[in-house]
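A.B. asks: Per TrEMBL, the features are:
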type	residues	note
REGION	A:388-411	region 'Disordered'
TRANSMEM	A:45-64	transmembrane segment
TRANSMEM	A:71-91	transmembrane segment
TRANSMEM	A:141-164	transmembrane segment
TRANSMEM	A:171-189	transmembrane segment
TRANSMEM	A:221-247	transmembrane segment
TRANSMEM	A:268-288	transmembrane segment
TRANSMEM	A:294-313	transmembrane segment
TRANSMEM	A:320-337	transmembrane segment
TRANSMEM	A:357-378	transmembrane segment
Amino acid sequence: MMPKTYLAQNRSVLIFIACLALFTLAITLMSEAYGAPLISTSFVKTLGKTLCLCLVALAMDLIWGYAGILSLGHMAFFALGGYMAGMWLMYARTEEIVVQALAQSPLPATAEEITQGIATQIFGVVGSSDFPLIWSFAHSFPLQMAMAVLVPGLLALVFGWLAFRSRVTGVYLSILTQAMTLALSLYLFQNDSGLRGNNGLSGLQNIPGLGDVGQDKLSIWFFWASALALGLGYIALSFVVSGKFGSVIRAIRDDEQRVRFLGYSVEGYKLFLFTLTAIIAALAGVLYYPQAGIINPAELAPIASIYLAVWVAIGGRGRLYGAVIGAAFVSLLSSWFTGGRAPSIPLGFYTVNWVDWWLVLLGGAFVAVTLFAPKGFGGLFDRFSGRRSPDRKGAALGPDDGSLMEKEAEA
Amino acid sequence: MTLLLRTLLVVLLLLPGLARAEGEAAALIEANRALIEKPSRQTIGPFIAELAASGDPMAAQILQAWEGKRLGLRKADGALFILAAEGEGFVLTDLTGKAAGTAAKADITELKPNAGVRGLIATALVQFTLSGPDMAARKAALDSIARDPSADHLGPLRGSIAGEDDAALLAQKQRLERLLTLQFDVDSAARVAAIQGFGTDLGLDVRGALNPLVATKRQALAGELPEGANLARELTIGRDLSRDEAYDLLVGAGLAPARLTLADQRAALAANLKDGAVAGVALAELATQGARDQAYDALEKAGLVPAAATEAEVDAAIKAHRFVDVYAEADPAVTAAAQAALGGIGTKVGAMQAADLALDAISLASIYFLAAIGLAITFGVMRVINMAHGEFIMMGAYTGYVVQLFVPNYTLSILIALPLAFAVTFAAGVAMERLIIRHLYKRPLETLLATFGVSIALQQLAKNIFGTQARPLTAPAWLDGAWVLNDVVSISYIRIAIFVLAMVFLGFFLWLMKRTRLGLQVRAVTQNPGMAASMGINPDRINMLTFGIGSGIAGIAGVAIGLFAKVTSELGNDYIVQSFMTVVVGGVGNIWGTLAGATLIGGLQKVIEWLNPSNTLAAQTYMILFIILFIQFRPRGIIALKGRAAGD
């Protein structure tokens, strides 16, 4: 499938895959379902969700770290993927319940009665009892999974085409993607959006057809699936960024004009990357939300996408393992602090309660990383690998907004 | 009942000419003793009317006492008195108004008319109140009639107009009289005249009185229109109402049998389930609608279930009937006049609504402009993406709240809060510029992320200090209320104040940039910092000051926004994306562009809200979509800088 030289040239991929495999094995052996019950089911779910977040962070690193496009909309694609998967989960699960309830009646139920029953169950909460048009494929798993790829993919394609075509770059593109995210979340907040307004979709942790399989097993299965997806995503993306294609997108990041003058179709490259990363984000969402159990429009608030950029920056942009480490570290630390498990610090006159102060710490840490450690965690690895920054007398790699700074770059 | 009301009306109308002698009331009561002691709603009406019309000055007092359960019989001789409780007994006044000593409680039987009777008395008393000496009471009575008008009030109201000496009240009475006339008068011509008299008056009361006159009821008729029905229009199936609606009307009127609903069908089939089959159709096969219909038909043929209307029968039934809208009001002249009047009013209301919409749009635009003007400096002029701009707005609002904690006088506290908010956010802006932004010039994306870090930290700090619940920032009393042009067009004073503030800031910005040394230096530094520095300008100092001023203006905007929005830690969040949009749509680097952007966004949002009034969320969604498309056609905004000033 891949040329041998590719893996030989990219040792980090092998190391990453090995680490991921070891980690998966270790967690499996410590889980309640398949080993010594050392870690709880809910923690396995947290880890599985974290792997999905690592996957979407990979996508973010590709678009921002490698192509210099600071998209503040990728969490919207992530949530859209989640919504699409959630629609099938909710439909199929409700169908099971409705069929069971109708089996009590003296006559066998007609197909219309079942559909009507499902619609009433799902949309009763927003005062409706009919399926909106966007639920047309929700009854079929393969069709709905195709939607999970197609809807975010098409949205990214159309939006990206409009934006890149009119040469919207840099911060303007960031603001525009943020506006897109805001528009989408405001739209989904409406009750007549067809996706249950601010109630969102719930009960997604119950997988249709697997009613008798306990959550402890399901959580491990999803953990495996997430790990597999992350591994495949890592290999695929590292393949994309290596070779000539990778060189072109890095060049676009640093000096778009020059690449254009050299005859490359900059817009085509950007559009391909934007759509590809949107689809990866959507797939991560498909795996994430069955583990989270619920999705609502708050998930695609603009702030979520900014957090995504924060993870990548803390991990170190422009290197794939950096994105994974950043996402895993910050999101796990975040759930540790906000979960109330971090010990409070009594100062005598005031007690620092981390539930209240975690965001202040995160905000401060983020400013500090941006100012003092542009390489993020990647900088730690450079100490071992011996990678050095070029000597460009303080100049960035190129004139574009997204270009790498001297300190981030590789000599 | 109608007869009774008519009597009452006629009697009351004759009132002024019937000034009878004093003592008339007493005599009347003496003649109707039995009625008074055991009053009933059915029989007492004419008597109350007669009493009210007696012209005796005591009549009002007697009626009031009666209504207030202060009329009593002396047990000893059966004489009637007006009672006033005093200690253990009553002070008595006889029916001609003379004091009649006192009596112990045990000696008196109090008359306690029931609620129905008291209602009749109250109606009769309206006339006395309307002509009474107390102006406040007259006004209250008028207001109460206007709230709940009825035919009974027309007579007393007309009777009271001649004697009214207060000009304002007279006008109010006359207007109310016309409103009652058009609704309740018995003379059709008078009603039409009253309707036409209002012309295209925009008052809600006029529309409130006219609308019931043109209310219609949808009916299905077997034959001709009933006698006296006022036909609004004939309905055509397919255009005015659907086939199903028409049949439902027939069913509702009992003119056709109900159609078989799916639930009824299911119940009927279940009831006829025998040996695992219904009328020969196996139970397992009943999982489709077709099989169920077939089984039901078979049952119908066997006579086991009532016949359901077939499609052909439905069509025949609909064909055999007429469907009409009939006015509830029986007089065609009145309904025609009311329709014409409402049509005229509707046109004028439409125009006024457009004016109101424009005012709303301007006020929303000034809010956006106010929120964005600080950004027009930091982002527009300096090209610094400050995601914490919204948090500076929030800081300004909280400064206002804290000042109000210490200064209870709202006017004074706002006057203190405005400069203080500027000072606080100016300091915060300068600190942020020195500590963070200075190191990230030319790195806009990093600035975006770093200032975002500041933004979440500030938001959480505000949450820790002030809590999550909304804090009040109260406007001074003179900003309460609204400037009301008529019942359609009005604008609250706070919004006018915000508009004025936005204009003041526009002027301030222009003056600062175009007329001051600082403005000149700012423009020089943003265009070419190296050249500016070699001309002796200190770019560091200028950047710091400019950023501080931009942030300070955000603080003042925060005080203004806090006056009408909830002051929470998320206040800034609601404005940050819109503010950036305003600056980008308008055109970066030009204050007129920001103004145009705010006007466009505010106007557009109001228009979309007007098209789809139930849903402000949808309005925002469509507005953002519009902006994304707009950027396609004018990527540099409405007013784009050209040449060197554009910076590329």
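Our numbering is plain: 1 for the first residue shown, then up by one each step along the chain.
Placement of Cβ uses the backbone N, Cα and C atoms for every residue, glycine included.
A TrEMBL annotation is a machine prediction, not a hand-curated record.
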A.B. asks: Which listed range (A:71-91, A:141-164, A:268-288) shows the maximal number of Cβ pairs under 8 Å with respect to the transmembrane segment (A:45-64)?
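C.D. replies: Ranking A:71-91, A:141-164, A:268-288 by Cβ pairs under 8 Å to the transmembrane segment (A:45-64) puts A:268-288 first.
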A.B. asks: Where DSSP helix means H, G or I and strand means E or B, what are the helix, strand and coil counts for the region 'Disordered' (A:388-411)?
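C.D. replies: Helix/strand/coil tally for the region 'Disordered' (A:388-411): 0 helix, 0 strand, 24 coil.
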A.B. asks: Is it the case that the transmembrane segment (A:141-164) and the transmembrane segment (A:294-313) have 3 or more CB pairs under 8 Å, with pairs at least 6 apart in sequence?
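C.D. replies: The transmembrane segment (A:294-313) and the transmembrane segment (A:141-164): touching, no.
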A.B. asks: Which residues, given as numbers and ranges, are at least 6 beyond the ends of the region 'Disordered' (A:388-411) yet have a Cβ under 8 Å from it?
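C.D. replies: Distal contacts: 64, 67-70, 169-171, 253-258, 316-318, 374-375, 382.
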A.B. asks: Short question: which residues 6 or more past the ends of the transmembrane segment (A:71-91) have a Cβ under 8 Å from it?
C.D. replies: 56, 59-60, 63-64, 118, 122, 134-135, 138-141, 144-145, 147-149, 151-152, 155-156, 159, 173-175, 177-178, 180-181, 184-185, 188, 195, 200-204, 206-208, 274, 277-279, 281-286, 288-290, 292, 295, 299-300, 302, 304-309
A.B. asks: Tally Cβ pairs under 8 Å between the transmembrane segment (A:171-189) and each listed stretch (A:221-247, A:268-288, A:294-313, A:320-337), then give the stretch with the top tally.
C.D. replies: A:294-313
A.B. asks: Go through the chain and flag residues at least 6 beyond the ends of the transmembrane segment (A:294-313) whose CB is under 8 A from any CB in it; none is fine as an answer.
C.D. replies: 53, 56-57, 60-61, 64-65, 70-76, 78-80, 82-83, 86, 177-178, 181-182, 184-186, 188-189, 197-204, 322-323, 326-327, 330-331, 362, 366, 369-370, 376
